[in-house]
């Protein structure tokens, strides 16, 4: 009798994606983050669904509805903090996943990579509109500052901002539409994830050496299912530790104050996972220039495959490129730190230097060093 998983139309798709999928035999734990992102997405959709059952997207009741969830709903506090810290875990996994792609040259699968960049932008948009929903001080002022950046667009800027706001300031209409966006975007992310996987399974996975592994494949199940379960347990352990022991560690205390248009917080800053981009935005004294730099800091990922000058795909055997890669990571950590600091000396100059280094590393140094390494191959 033929196995049902190989004959049933639906089971066949799942089988080819998660069970009989031929996988390189040497992929490391850096390849775990894809499945962890899937797990994060499922957790966020489920916790978000339960939160939406009790939340009211109205300026007069939004803040108190979140307080009600935490105080009166059974395990409401737990669901709320799982959702908030789940977003942080989501971004940790995202950045690790992108870092893996950069290090091992996975960006050479261009369709998969471009869908991935689109996914990153969608997740960032979802996180931004979600942060506005509790209607605390940082929610309100974060929404005001970030949406206001669109006014830097010549001619249509102001009209565009007022169109997004649904009025002349961030108000009831803004909150309602942001809730609608926050509800729909995760399902768009789920659809994009399916396309991401579709393109990946057209080519098969990359591996740490960057060398084709067609002659050395093993089935995904049981080898990588068990490996992914171990990764998932680690993720859940960290998430639970964060949620139960330090739920507000990554949040902003200002968000426990209800939104007040008449009182600006001393330091307006986004959640930690946006700080690097925020630092790049602030490092340019011109509004339009800052907005362009902010956009480019993310969209630069699209150009990575075009900047590949090395004859080797992976950085595994390229020590000089490795050095630059880890310099880039250190630079991003510096930018993250700067983004959370006030705009004063010496943070301004450090942020500007770190921003210049970020673009210089990706656009100039890495391609140049790759060419030098090509020359060294002939020695």
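Just so you know, glycine gets a Cβ as well, placed from its N, Cα and C.
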**Q.** Swiss-Prot annotation of transmembrane segment - which of the ranges 8-28, 113-133 it falls on
**A.** 113-133
Q) Ranges 136-156, 157-177, 178-198: which does Swiss-Prot label transmembrane segment? A) 178-198
Q: Would you mind reading off the Cα separation of residue 196 (heme b b566 binding site) from residue 182 (heme b b562 binding site), to the nearest angstrom?
A: 21
Q. Given residue 83 (heme b b562 binding site) and residue 97 (heme b b566 binding site), what distance in Å do their CA atoms have, once rounded to a whole number?
A. 21
Q: Drop a 10 Å sphere on every Cβ of the binding-site residues 83, 97, 201 and tell me which sphere holds the fewest other Cβ atoms.
A: 201
(Q) Suppose we draw a 10 Å sphere around the Cβ of residue 196 (heme b b566 binding site). How many other Cβ atoms does it contain, all chains included? (A) 21
